[in-house]
Amino acid sequence: MAAAAAETPEVLRECGCKGIRTCLICERQRGSDPPWELPPAKTYRFIYCSDTGWAVGTEESDFEGWAFPFPGVMLIEDFVTREEEAELVRLMDRDPWKLSQSGRRKQDYGPKVNFRKQKLKTEGFCGLPSFSREVVRRMGLYPGLEGFRPVEQCNLDYCPERGSAIDPHLDDAWLWGERLVSLNLLSPTVLSMCREAPGSLLLCSAPSAAPEALVDSVIAPSRSVLCQEVEVAIPLPARSLLVLTGAARHQWKHAIHRRHIEARRVCVTFRELSAEFGPGGRQQELGQELLRIALSFQGRPV
């Protein structure tokens, strides 16, 4: 596995947090704990099962043995080899990492975007990095990723020494399209999903069969739980590729909790354009220009 790049003492003293965001570095300076590290009240934890596509109640919990469908998640394990993983991270580490919120560092390859005003600029954007060409080509070989053409790549670097995390959030839907694709490198972690919608989730007995047998094995719902009290954990092995679509992309917020970063982790997220920038869309010409630049694979971090 790729060795983690050493960080200087100066880097571990620097902080990129703003507003309510914090990391271990600024918390030591402030002498406070982040509120999201405290156990949330009335939260029931479920674990996503990639074999069935269901979220299953954790062992020894009130909902052990109960589950609900969790569509919109595709997990491809061993998408890259250990050797490819090491080379990808080595190439990333040749370029500078910028400090970011909540103990993260980042490298961005994409247009400059003002999401609030829904405006973007292509100045300075010269494409995705050359080392992503093979990654993008390989994605298109998998069902569900046909025709996936990313116009933005964001590399995020997490490490336990900085207390890296990312708060629950939904990715923008004005510019970014239906499929959100992330490559998890260097260490396993957990993506935590939550939903703030009112109402309840209907639970069934947890399925134990293969997906094609679920129709016959699942009984009618007989329990329910409030959406706002549920968190679904999606385990992400190192070198795995995660695709979020549908409800998992647009309705469930995703986060990485600090406690789930036990070693250096690099996440590479790829985003495609929304329909507004696609064929027949209001900004089709701009979308074509963004694709032309992105898929030249001549980029450096912006």
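Start at 1 and count along the chain as shown; that gives each residue its number.
Positions of Cβ are set from backbone N, Cα and C atoms, glycine also.
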**Message:** Suppose a student reads Swiss-Prot and sees His169, Asp171 listed for Fe cation. Which of His254, His257 should they find annotated at that same site?
**Reply:** His254
**Item:** Under 8 Å by Cβ from His169 (Fe cation binding site), same chain, sequence gap 6 or more
**Value:** Lys253, His254, Ala255
**Request:** Across all the protein chains here, work out how many other Cβ atoms are within 10 Å of the Cβ of Asp171 (Fe cation binding site).
**Result:** 15
**Prompt:** Arg265 (2-oxoglutarate binding site) has how many other Cβ neighbours within 10 Å of its own Cβ?
**Reply:** 24
**Request:** With DSSP as the yardstick, break the domain 'Fe2OG dioxygenase' (150-274) down into helix, strand and coil residue counts.
**Result:** 21 helix, 62 strand, 42 coil
**Request:** Tally every other Cβ atom lying within 10 Å of the Cβ atom of His254 (Fe cation binding site).
**Result:** 22
**Message:** Distance check, please: Cα of Arg265 (2-oxoglutarate binding site) against Cα of Asp171 (Fe cation binding site), rounded to an integer number of angstrom.
**Reply:** 20
